[in-house]
Every structure is written in structure tokens, then in C-alpha cells.
There are 2 protein chains.
Amino acid sequence: MATEEPTESLADAGEFTVIDRLIRGRRQPGGVEVGPGDDAAVLAAAEDARTVVTTDMLVAGRHFRLDWSTPHQVGRKAIAQNGADIAAMGARPTAFVVAFGAPPDTPTAHALELTDGMWQEASRIGAGIVGGDLVSAPQWVIGVTALGSLDGRAPVLRSGARSGDIVAVAGELGRSMAGYQLWRNGIEGFDELRRRHLVPQPPYRQGPIAAEAGATAMTDVSDGLLADLGHIADASGVVIDLSTARLAADHDAVAGAAAAVDADPWAWVLGGGEDHALVATFGSAPPPGWRTIGRVLDGTPAVLVDGAAWRGNPGWDSFG
Amino acid sequence: MATEEPTESLADAGEFTVIDRLIRGRRQPGGVEVGPGDDAAVLAAAEDARTVVTTDMLVAGRHFRLDWSTPHQVGRKAIAQNGADIAAMGARPTAFVVAFGAPPDTPTAHALELTDGMWQEASRIGAGIVGGDLVSAPQWVIGVTALGSLDGRAPVLRSGARSGDIVAVAGELGRSMAGYQLWRNGIEGFDELRRRHLVPQPPYRQGPIAAEAGATAMTDVSDGLLADLGHIADASGVVIDLSTARLAADHDAVAGAAAAVDADPWAWVLGGGEDHALVATFGSAPPPGWRTIGRVLDGTPAVLVDGAAWRGNPGWDSFG
């Protein structure tokens, strides 16, 4: 970045020059027959030729704030939340395509930092950015599509939970919401929590591990634990009963921050989304890396907390 | 749509209710193991297990106008331009995922019409919408990712044109720009041209046909014939020389509209994009459905018109 004028904008450079810079020098992982720069990318046949695919859109001011996040952090988050959806099927992310809309006066350097962040997170998973689009938009908007491979496993759906199953989680709960409330209230300190809101750390590898271990249902916590388990309860036709005793570690991890903004830490653990933890049900003991947090019961689909309905905020609605 | 209140908004209905309505009753084509409603979709293994993938973003006010287009037309266009990119590789579109951002006060009925339009265009190609995302955004923004299959063929890149090749086109040129200028100048009549701007009609099937016929390079006309052939000239290291005599039919089709807005019809045929015609180079006579419009020569990469540089607008820049 030392070679370019820091104030050069996307409009100054022009679409094709910017695209050229964004894709130059990136090292694609194996399996990319045709990378960025043509009409479409071509991915080589995997051993398991089924394709897992998911897409998410992130809008500035709604899903990230450029006064809180660096462009690099936004890029990591955009890849992370799509990678988590692939992992939640029991699959391994293999490739991403990204569309980026931004105002013409956006510094070219910021587009490069965003792309660097995307590549960093994709590389952590062993995947690459194989294609993209760059357009003018009134505010930053990022569309990411992730592709994945099941490597011969059956996909783990939301509909397979059965009475008697154990509910378990891999990854963190409540941290992203804690960070969000800290940022929103302008509270310093709690650096790790504030960072977690900007860059979630999904336990990608635990998706395939859970599938191998026979997970009966799985999803990632994007809207909040209760809301996302509600999707499993509905799709599976079961009751899920969570134990607060089993969630004490998450509660304790955010309790100090909750006190600082006078919030209920349980609302964050049970209702806060965007950590992209994985939550799954198992017919037997969950594998290492998973913590038991509840059990599956018969009954009219619902998610209970210690046997009763939770009275706090159940989660995130995009239009709420 | 008769059963719902026409004024109900996305915020009134809520994210999950809207998503449920958008995906309910859609008939997925064969090969979709898991459709919308889980964390990700799963596509069955195709005979040719390579995956072709491309993504585009459309922003209201930039790529479409809701005072010109119906939501149904916007949906068709969003699918068409991505499907054309797949066809331009010599591939067949098999599946789409879509992300839709819109203000909370958007009528739910408009989101349904958009989705209906997407499904109509996808169904024409034999593909389905296998997944998506619905988010809040200050204006409509649509992210589409298309997946495709090469059915055993080699991909047709932009880099394979060789001196002596014939340049040929399948589909229409200049119509979308003609329609755009008619809309912009508020001129009635020329209904077909104005419709073409709102809903391009890419010759999807000609992509695989060209590949079978041995096309050496191919792209779709999204930025303008000269600009898109410029990409082939650069990637292949060749000169492309177009013949206006061979493009007379396109010129004549838009000449009336050009006269009505006092424009040069050649600027529309050579510089107007978004028709998503396919343009390719062939080592021998092009197959039926393709019209010869020029030839490939040795030299410093350039696109010429009747042997000379064109002095008009060369095409579209996203930040221009």
C-alpha cells in the first residue's frame, strides 16, 4: 500500500484498475481451475462432488459500522459468518465469491484492506476468494457466497433432533452482543469482547467433527441461541431445554461488561447473536470441543430455559 | 397475493415470516438435495463435478430504477445477468442463491414479485433459487450468485483468441442502451426496446453451443461490445477488428430510437452494455445462432472498427 496515494478513490482509479489490484498476487488454494478475472470461476471436481452453498449480505450501519470496525475487520466478519453457515451443515468451506458496493469516493486503500481481511479469514479455513463484483452504492454493502464440501458426509440439517438427544455448543456465546453494547455505550476496556463483536471466531472445524460424531441437527448462532435453537425445535418437532448451570462460563465471561452497561448477562448469552458458535444435538456424548448445554424433549416445539419459557429478548429480526 | 394486505411491509411481517412466504411452494429442479430453509443448500453431484461460479450485485438507482421496472422485472434482470456470465464460460446455469436488502417499509408483496421474477427467469434456464438472505438496507440491493456446470466441456476463457479467428455474436446489441436512453428522456413508444433495458434476454443456450463448436474465447456483453471485446483482446494478446457492415442489423434496430433522442446509433451498438449478448471467437465458421461481426488479427491488443480506433464512448465504468 506504500506505493499508492492514500487519498486515491475508487472513482479516481476506475473499476477495472481497482479490480486488478484486488485480485493481483493472491494465491488461490488447490482446486481453483479458473480464478478471478474471467466471466466466472471454475472449481475443480472434489472427491465428494456435492456442493454446499450459502449467501449473506452485510450492510454498513446495519451489520457493521465503519467508525467501529476497520475495513480489514469487516472483511474478516463477512467471510466468517458465511463460513460458519457452511460449517453448520457439517461441511468444510472451500471457496468464496464476494460482491462489494461502495460510494465512488471510497479510498481504494480501504477496498484493499477489506479484501485483505477477507483473504486472511478465508485462508485460515483453507479457502480462497475465487471471484467477485465491484459496484457503486450509496453505502458499503457486501454480498458473500460461500461454497463448501461435505467430504462424503451426510449434511447435518436442522430437522434431525430427537427426544433424548444432548444439546451441545462449540464456540462462544454472548460475546458479540457484549461487545456491541460496549461499543454502543462508548465503554472502553473489555478489549477482547469489543474485538469479538467486530470479528467473530466461528469454530469452523467443529462442524465436520460434529457431523463425523453423528450430530443429529446443527446450526450456527447468528440470531441468538434461543432463536436459532427455535429453528431446530420447529424443524425437528421437539422441545429443547437449556440449563443455565451449563451456560455459567458464558454468563461469567460477559457478566462484568453487562454490569458496566446495566444489562442482564443472560439476555446476551441466550439472546445475543453473531458469535457464530455452532450448536448441535447428539444422540450420545458430544465429541471433544463441544460443551453440553441442554437436552431434547418431546412436546410442542419450544425452547425452554431450566424448564420454563424465557422472558427476555429472543433474538434478532432483520427488520426489527 | 390476493390473501394478503397489499400495504403489509417487511417490518410488519417480520424476517422469518417473509422468508417463509418467499420460499413456500417453489419447485426445485432435480439435483437440489437441500433447498432453502437450512443454514446452506446442498446440490447433488453432477456428472461433471466441476463448479462454475459468478456473482453480481445490483443497486437501486444504479443498476435498476423502481420507477421504471416492476419488482418482477428487476428479479428477471438480476438472474439474467448472472446466468449470462455462466453461459459465457460455455457452461449451463444450474442454481442461484440471492441476497436481498430492502428498507423495512418495503411492501411484502414487492419482495414476492421480485422473487417470482427471479424464479421465472431461473426456470427458463432449468435452474432454481436454492438459498438466500433477507436484510434491511437503505435502498434495494440484490446480490446474486450463479452456479453452473460445464457438462464435461473445457471452460471457454477470454484468453484463447488467436489471429485468424472469426469474431461472432449471439443475441442483441445496443437494445438495452436504446431502452435506457428512451426511459431517461421520457420518450414513449419503442416498447420492445424499453422492455429490453428492463429485462435483457441473454442467449443462454448459445454458450454451451459455442463451446461445443470450439469457441476459442468468449464473454458476455455487459459493459459494451468494445469494452468487453477489449478484455478478450487484452487477455489473448490480439487485435479484434469489427465490421460495421456486419453490425448493420443492430444499427438499424436502434436507429429510430437514436434519432428520437438525437444520439448516434453506433455508440449504442458498440458502446452500450447490459444486453448480455454473447461474443466469441472461433477458429472456423461459427455455429447456427451466431453472426460473424469481425476477425482477430495480430498486433498490440486493441479493438478496431473497420480497421480504425473508435472515437465514441467505449463502455461502462462502475464508478464513472
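Just so you know, glycine gets a Cβ as well, placed from its N, Cα and C.
Same-site candidate for Mg(2+) 3 binding, as annotated by TrEMBL with A:Asp39, A:Asp220, chosen from A:Asp85, A:Asp105, A:Asp151, A:Asp165: A:Asp85. Listed binding-site residues A:Asp220, A:Ser222, A:Glu274 compared with chain B at a CB cut-off under 8 A give A:Asp220 as the close ones.
Taking a C-beta cut-off of under 8 Å and a sequence gap of six or more, A:Gly132 (ATP binding site) has these contacts in its own chain: A:Ile19, A:Leu22, A:Ile23, A:Pro36, A:Val97, A:Val98, A:Ala99, A:Phe100. Taking all protein chains in view, 29 other C-beta atoms sit within 10 angstroms of the C-beta of A:Thr54 (Mg(2+) 4 binding site).
Largest CA to CA distance in the ATP binding set (A:Gly132, A:Asp133, A:Arg158, A:Ser222): 32 Å, whole number. Cα-Cα distance from A:Asp133 (Mg(2+) 1 binding site) to A:Glu274 (substrate binding site): 25 Å (rounded to the nearest whole number). Under the three-state DSSP scheme, A:Gly132 (ATP binding site) falls in the strand class. Calculated from their C-alpha atoms, the gap between A:Asp56 (Mg(2+) 1 binding site) and A:Asp85 (Mg(2+) 3 binding site) amounts to 9 Å.
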